[in-house]
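Q: Below you'll find the structure I mean.
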Amino acid sequence: MDRIRLVGGAPLEGTVRIGGAKNAALALMPVALLTDQTVRLTNVPDLADIRTMAALLEHMGVGVHLNGASTAAGRVVALDAGGLKETTAPYDLVRRMRASILVLGPLVARHGKARVSLPGGCAIGTRPVDLHLKALEALGAEIDLREGYVNARVDGRLKGARFAFSKVTVGGTENALMAAVLAEGETILENVAREPEIVDLGRCLQSMGAEIEGLGTSTLRIRGVESLGGTTHAVVPDRIETGTYALAAAITRGHLTLTGTRLDLVESLIDHLRRAGVRVARAEGGLEVDARGAPVVGVDVMTEPFPGFPTDMQAQWMALMATADGASMITESIFENRFMHVPELTRMGADINIHGGSAIVRGVRHLSGAPVMATDLRASVCLVLAGLAAEGETIVNRVYHLDRGYECLEAKLAACGASIERLSERGAAG
Ligand SMILES: CC(=O)N[C@H]1[C@@H](OP(=O)(O)OP(=O)(O)OC[C@H]2O[C@@H](n3ccc(=O)[nH]c3=O)[C@H](O)[C@@H]2O)O[C@H](CO)[C@@H](O)[C@@H]1O
Ligand SMILES: C=C(OP(=O)(O)O)C(=O)O
C-alpha cells in the first residue's frame, strides 16, 4: 500500500490550481440516468471516487467516455444512458463509496425501478439514508428494504408533492431533486441543503430543461417535465480542496495563490482564517492566502450546513489550531464520530482533549513528525498538513483515502516547495 513521506518546516510559496469538486461531480454523473441524450461534464477531477461512480454507471450500461489524461481545464466526461440495461447498484460497488446511493432518485424517476445496495455507515458516523427514502416515498415511490438493498418502484411517473426534510441532508436533497424534475406536477422541498454542489446540480438540470426555483435557498420549487435533454456543464470548483490548500499556506506560514476557484465558495472558512490572523484576498481567477509572519491565533469553530463552516474542513482546521497561539474549541455538529484524527495529531505532539462533540485544542510551539494513519479522507489530509508544519519526518499511511479526494496532492505541494513524496509498496519513491 502506498504511503506519503513528508519532511516539514518549509513555508509553501507558489500557485495551486484547484480542480472541480468531487462532491459536485458525484451528484452530476448520475444525472445522465435522467435522459437518453449525452451529458458532458467538464472540469471533472481525476479521483478514485469518480472512477468508482464511472464503474457503477458502466455496470448499468451507461456509456462513460473519459477524454484521457487530465488537462489544465480538468477532465471531460461524456455520459450516455441511451442503452441502459440494468437498474441495480450492487453491494460490491456501493460499499466502495456511499455516494453511489445518488443513482436511486434518477433511476426510479426515469426507469420506474431501482435496486440499490444500502451504503451502511462509515468511519465518520452511521450515516443513514432514511430521509432519501422518505422524500422518494413522498413522491409516490414504493420502497422496501430487503437483503441489504433498497428496492424502489413506481407505476408510471412519480407525483409532485410537498416534503420537508427533518434534518438538512446534502445527498437526500440531491436524490429528491433529481427525482422531482421528472415527476408529474409540482414538488416543494423544504429545509433542503444549500451547498454549492446542490446549486451546481440544479443549474445542470436546468440546462437540460428542468424547471427549478429557489436554488441556494432552503426551499426548492420544482415543476416536473416529461423529459430532459443532454447538456454540457462545467463542475463547480472544489471548495474543500480550496480550503485545504488555504490551510496548507496558513500552517506553514507561507503564501499561496489558488486559481480555478472562487472566494464565495469558502466564505465561512476565510472569515475564520482572517480572525486567526491570516491575510486572504481575491486574486485573478481565485484567491491569495498570505500567512508570512502571521502569528496565527486560536479561533473556535462549529461545523454547520452551508453557509456555515464545513464539516469536511474540520480536521484540517484542527491541524492549524494545533500550531496556533492559544486555545480553541472545535465543535462537530454534523457527524457523531469525526475526531479520528485526534489521536494521530496527539502522537505528533498536539495538545487536544475531546469533550463529547467538542475538542479543546491548545496550540503547541512545534509538532514533531511521526508515522501516522487515518481512517477517512479529511482526517488523512489533516495529517499531511500537520506533517508540512512538523519538525522531522512524517509518514502518512493508507494513502488510498487521499486518492479519493485530492488529485496530484504530492505534485501540487512539491511544486510549492514542500518536501513530499509518495512511497510505493516496495518503498521506492513513485
Ligand atoms: C459525496 C458527498 O457529497 N458527501 C458530502 C455529503 O455527505 P452526505 O450527503 O452523506 O451527508 P448529509 O448531508 O446527508 O448528512 C448530514 C447529516 O444528516 C444525517 N442524515 C443524512 C441523510 C439521511 O437520510 N438521514 C440522516 O440522518 C447524516 O447522518 C449526517 O449526520 O455532505 C456531508 C455534509 O456536508 C459532507 O461531509 C460529505 O462530504
Ligand atoms: C465525507 C466525505 O465524502 P463521502 O460523503 O463520500 O464519505 C468527504 O468528501 O469529506
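Every residue, even glycine, has its Cβ placed from backbone N, Cα and C.
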Q: Considering the UDP-N-acetyl-alpha-D-glucosamine binding residues Arg127, Pro128, Val129, Asp130, Leu131, Asp312, Ile334 given in TrEMBL, which of Arg98, Arg153, Arg157, Arg362 is annotated for that site as well?
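A: TrEMBL lists Arg127, Pro128, Val129, Asp130, Leu131, Asp312, Ile334 binding UDP-N-acetyl-alpha-D-glucosamine, and from Arg98, Arg153, Arg157, Arg362 it also lists Arg98.
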Q: Can you tell me the CA-to-CA distance separating Arg98 (UDP-N-acetyl-alpha-D-glucosamine binding site) and Cys122 (active site, proton donor), as a whole number of Å?
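A: Approximately 8 Å lies between the Cα of Arg98 (UDP-N-acetyl-alpha-D-glucosamine binding site) and that of Cys122 (active site, proton donor).
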Q: If H, G and I count as helix, E and B as strand, and all else as coil, what does DSSP give for Lys22 (phosphoenolpyruvate binding site)?
A: helix
Q: Would you pick out, from the binding-site residues Lys22, Arg98, Arg127, the residue whose Cβ has the largest number of other Cβ atoms within 10 Å?
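A: Ranked by Cβ atoms within 10 Å, first place goes to Lys22.
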Q: Could you tell me which of these binding-site residues, Asp130, Asp312, has the fewest other Cβ atoms within 10 Å of its Cβ?
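A: Across Asp130, Asp312, these binding-site residues, the one with fewest Cβ atoms within 10 Å is Asp130.
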Q: Given Lys22, Cys122, Arg127 as the recorded positions, which ones have a Cβ positioned under 6 Å from some atom of ligand 1?
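A: Once distances to ligand 1 are taken from each Cβ, Arg127 fall under 6 Å.
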